């Protein structure tokens, strides 16, 4: 019996080592970027009110994992009942048991959630620092570029002529906020689907890299607040006053008709209050260029198309809706999304090329 136990433990440990080795680039990237952000916080010292807390997102992610499990468990059990599966409880508990066998699945999941926490925490620390490192200065330029690219029209004028009703705006508002759920679902899917080795690694590295390269470095270099904040930063900058008034009118129309209001307006106000009070916290900070909503939507579309073309077409349509919604709801200039699209494609291709190059190098060394 003892040799069997030792063999089982040895096998479990081997599975764990294999899983850690497969994700070594993910862990290496997260470790390096977290170290750099910690060094930045050390250099800034007392010059900023924002402290680098590497575990600020951990409690939130644990709660999200818990809710995700409850949703999955409820849905899966109802699925078993609907299909009249014999012994549904046995199937249900067998599926749950599969989360922990081999043990490497559970270990890998926990470590990757910790890695996500570190990346999100780094981004949360960096985003409010953007105007301190490089004050907002490109909003007027991006406004002019938008009009130049769209034949003299501001992009929001085009979107509001196409989607003119309050209910159309409400739909775009819903799709824009659905992004958070889809983002988490995509990350969770690729964390657990270790069988999709190349695609899994390509998506997760692209995802993590986008937050700090596009949302961090890019946002610092192209520092801008966004259309919804332009008049608050400069009372003389009224380029988007008409858009904000229109959104407020539509918000009131929706509420008067017993519908949900435009959540975007409340979120914009909350972020502004956090900005002017220099209040640290999850989701804090304002920044327009480039658009992280578009960047992550494009990353999800690229991965979905590679995995399943029909799903890919759906996700590309969703990415387009995010681009439109970002302009329509005054979050972004149109070029914020255009640049994010290009940068995400570059990161995706570069990660794929590095994967192929590394695989070829490893193979040649083994031959």
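Every residue, even glycine, has its Cβ placed from backbone N, Cα and C.
What you are looking at is a predicted structure, and each value in this text was computed from that prediction instead of being measured.
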### Task
Look up transmembrane segment in TrEMBL and report which of 138-159, 204-225 it refers to.
204-225
### Message
How about long-range neighbours of the transmembrane segment (56-82): same chain, 6 or more residues beyond its ends, C-beta under 8 Å?
### Response
88, 91-92, 95-96, 113-114, 116-117, 120-121, 124-125, 184, 188, 282
### Query
Where among 174-192, 204-225, 311-331, 337-354 do we find the most Cβ pairs under 8 Å to the transmembrane segment (25-44)?
204-225
#### Entry: Recorded stretches the transmembrane segment (311-331) and the transmembrane segment (337-354) touching, at least 3 CB pairs under 8 Å
yes
## Note on the structure
Quick tally over 174-192, 204-225, 337-354 of CB pairs under 8 Å to the transmembrane segment (103-126) gives the top stretch as 204-225
